[in-house]
There are 2 protein chains.
Amino acid sequence: MVQKGLLIVLSGPSGAGKGTVSKALMPVLPTLWFSVSCTTRPPRPGEVEGVNYYFKTKEQFLDMIENNELLEWAEVYTNYYGTPRKPIEERLAKGQNVLLEIDIQGAKQVKRQFPDGVFIFLIPPSLEELKKRILGRGTETEESFSLRFGAAADEMKHISEYDYVVVNDKVEYAVDRIRSIIQAELCSVARNREYYDQIIKEGT
Amino acid sequence: MVQKGLLIVLSGPSGAGKGTVSKALMPVLPTLWFSVSCTTRPPRPGEVEGVNYYFKTKEQFLDMIENNELLEWAEVYTNYYGTPRKPIEERLAKGQNVLLEIDIQGAKQVKRQFPDGVFIFLIPPSLEELKKRILGRGTETEESFSLRFGAAADEMKHISEYDYVVVNDKVEYAVDRIRSIIQAELCSVARNREYYDQIIKEGT
């Protein structure tokens, strides 16, 4: 019997640092498989097909939706983004742990289909810090800042739908916390009941 | 508001290596407070009052039981062993995390009083290994071995009363898993609801 892999969902408000933390996790957890999203937005310089995204035409993307090939998807500013279902399900079935880095709406969709996933909410150390990070991008007008900051503060309310909150005070600390959460979940009795029932049978 | 500390209970069958692992945890988690038991058995050479045990007379021990000063206690081969309640409750109230290394019967008693403790079951990598470890002590007659081994195999059935199982295949791995479990529990949404409710209030 192969123990099913864990589906780890890393989400959180915009500006929390999901992308940075998830990139920093790769060398720390080399056996973890990082899901790659598809998108209809054109590749940016340096982006590689299958590494950063699977780049799709709008028609291809709509077909994937139609055929239920996406675990979750969203339209963001005229572009589509989504998570292919099949590679994730295949890896989980083989016992591999999978990491999904997605926004809060996406996480909500995933939770409906994988209620036993491990849902981690990454947050900035404070709303002040969040403000700085959004401004630090240097791409925001005052109006778009208010919009983003208001949305991020609002998104904090979703904490209660998650299993864990990780404060991203420093990337390496956040990475260590996520590694710990995964390791702890792998030790959880609830997730290993079948396995231990077998050991107990052997011993008696 | 001070966040209450975690009560971590490390238990498991005899021969799993609770003592070794718990000693190896100390330098890794220097802020964790290790509960010291009391006993009526006489100190062995090198044992230090307040470090290995609090050494008590039988009369003192019975008084402690009478006055509800023990979180759990047991009589083992004519000696009494028990866990003083007050130092644990004081540390938890101050927000310090506390580790309790006790046998399975003791853990059962503690769970009734601290249902929200973190209950970790330490097991040897296999029953074969357990056999080796019990024999390796070199202090067992064949009869006492059968007794110990049978009891340990039987004790495995208690797994389902615990939150986590840690396999003690190698002490440093077991230590890392326990450290992870504690860190994960500190990130758990369920344990931090009040704190996050406050953050959300601030942000809106």
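Start at 1 and count along the chain as shown; that gives each residue its number.
Glycine is treated like the rest: Cβ placed from N, Cα and C.
Remember, predicted model here, so these are calculated numbers, not experimental data.
Annotation comment: TrEMBL describes A:Gly12, A:Pro13, A:Ser14, A:Gly15, A:Ala16, A:Gly17, A:Lys18, A:Gly19 as ATP binding site. Sequence annotations record features per position, and here TrEMBL assigns domain 'Guanylate kinase-like' to A:5-183.
Projection of TrEMBL feature records onto the structure.
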| residue | record | Cβ contacts under 8 Å, 6 or more apart |
| --- | --- | --- |
| A:Gly12 | ATP binding site | A:Lys18, A:Ile104, A:Ile120, A:Phe121, A:Leu122, A:Ile123, A:Glu155 |
| A:Pro13 | ATP binding site | A:Ile104, A:Ile123, A:Pro124, A:Leu130, A:Ala151, A:Ala152, A:Ala153, A:Glu155, A:Met156 |
| A:Ala16 | ATP binding site | A:Leu122, A:Ile123, A:Pro124, A:Leu130, A:Ala152, A:Asn168 |
| A:Gly19 | ATP binding site | A:Glu101 |
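Of the listed binding-site residues, namely A:Gly15, A:Gly17, the sparsest Cβ surroundings within 10 Å are found at A:Gly17. Fewest Cβ neighbours within 10 Å among the binding-site residues A:Ser14, A:Lys18: that distinction goes to A:Ser14. Taking the mean position of the Cβ atoms of A:Gly12, A:Pro13, A:Ser14, A:Gly15, A:Ala16, A:Gly17, A:Lys18, A:Gly19 as the ATP site, the remaining residues of that chain whose Cβ falls within 8 Å of it are A:Leu122, A:Ile123, A:Pro124, A:Ala152, A:Asn168. Across the residues of the domain 'Guanylate kinase-like' (A:5-183), the predicted structure has a mean pLDDT of 90.
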